[in-house]
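Chemist: Relevant sequence annotations retrieved from TrEMBL are reproduced here:
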type     : residues           : note
SIGNAL   : 1-21               : signal peptide
DOMAIN   : 193-551            : domain 'Peptidase S53'
ACT_SITE : 266                : active site, charge relay system
ACT_SITE : 270                : active site, charge relay system
ACT_SITE : 467                : active site, charge relay system
BINDING  : 510, 511, 529, 531 : Ca(2+) binding site
């Protein structure tokens, strides 16, 4: 993801039943060192997830409106209908609020359905509430300091009503974003660099401006990344001279995210290859600030969007985690995933860059010492579309850094079963024991990811990473939505069931060469059909357009 994947510093989790409730403890990795007890009067902010009323109903409804064979295809749900599936029961609300009230804690509701609460309390109160011992820990690798506890105890009469309390025993450190970029003159040949004209020609993407009412694309960004109109205008002067209007995008701040400043690489890449590809599709850059724990930022942007009456029809994100960070935190991971299911049920196509570590997930110190293949998250969530990377045009092959593999938390979804089975038939027993053969496979699709030209704070750079592919593929879907909306059809929404159909797969360019070893010596090979390197392949706009408009899908 332009080398900006946020990586794991996971702990080992143990759960036991204590005398008065469920106790969860973690065994600290050696690079985390306790410094001192957290001052009792200092503040700690916690997010509490309540159990949803009918999450199975949400999943069924999502598939019903997303399966092109369903009579309800494209009949996306209303805001109220989605919220009804995930709202906690009255019993859950009472049990949790009574528990908090006993400690004189008055939570803030931070999700539109009421399934997430937030509390800001003294450390002494948090210790009493959770039977914890919040302590300052220092990560010797990054120098970061975290306030966490090695154990929490949830009362028996509350535990069944909770999905998670975050952050408590979760030790996650967010490294500063690193990118693969270099200053470069601007050669014109697509074999040397990639610009909008290359992508438009190779993937048959139209240059004509979109004009459908109600169309929109969103770009989610974090870590003080910001794009500027100045960089965008100069980018268009060089690489979209056919566009005579001034390119623009809106900026919306969430959690105090930055709205101005010098352009940064990840944000500039994402904006220049959404605005620059999805011509005239209204684009919004969601700048998410630092609310504390990084996972909370991901939660807050989705809750912000779900609270709106109108959603962007496409959302692309170039950040993520190692899935191992959520080991023992199934409730937190499921809440994340179900939030993306809510967006899909309301008609939004959600895209995530798969990552840039190949088959390996490892600490941001870049030690390639993993003993098995590590998946990334949220790409392993089955309710979104994960985008891997390719390179070259003659032929187009897998990018060796393209993250891909199989989830250790989420099972293979039905829509993907035949495609994954076909891959295993070709792979045989290779890499046995290094990955979970029953897990959700990723990525789903892919696109060019090497040597994108980007203007960053006045300088043109060449950039590589799957975060180049995600905004590009998202832009293709935004333009397909434009055609559908103009034809009186609904937006595509959650597209995986369509893409994994025989007709959907035939509308993509199957990539059959290359592999994704990342920093290691071996990776999954790209083979005929879906593979955990390039997914189903890269887009062919003409074929996709015929599929989504010409056949009545």
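Backbone N, Cα and C define each Cβ position, glycine as well.
No curator has checked TrEMBL annotations; they are predicted automatically.
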Chemist: Ten-angstrom check, please: count other Cβ atoms within 10 Å of the Cβ of residue 510 (Ca(2+) binding site), all chains counted.
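Modeler: Step by step: centre on the Cβ of residue 510 (Ca(2+) binding site), count other Cβ atoms within 10 Å, giving 18.
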Chemist: Cα distance, residue 467 (active site, charge relay system) to residue 266 (active site, charge relay system), nearest Å?
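Modeler: On Cα coordinates alone, these residues lie 8 Å apart.
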Chemist: Hey, for the Ca(2+) site built from 510, 511, 529, 531, who else sits with CB inside 8 A of the CB center?
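Modeler: Everything else in range on the chain: 512, 526, 527, 528, 530, 534, 535, 536, 537.
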Chemist: For the domain 'Peptidase S53' (193-551), what's the mean pLDDT in this predicted model?
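Modeler: The answer is 94, the mean pLDDT of the model over that range.
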Chemist: Spatial neighbours of residue 270 (active site, charge relay system) among the recorded positions 467, 510, 511, 529, 531, defined as Cα within 10 A: which are they?
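Modeler: So the list reads 467.
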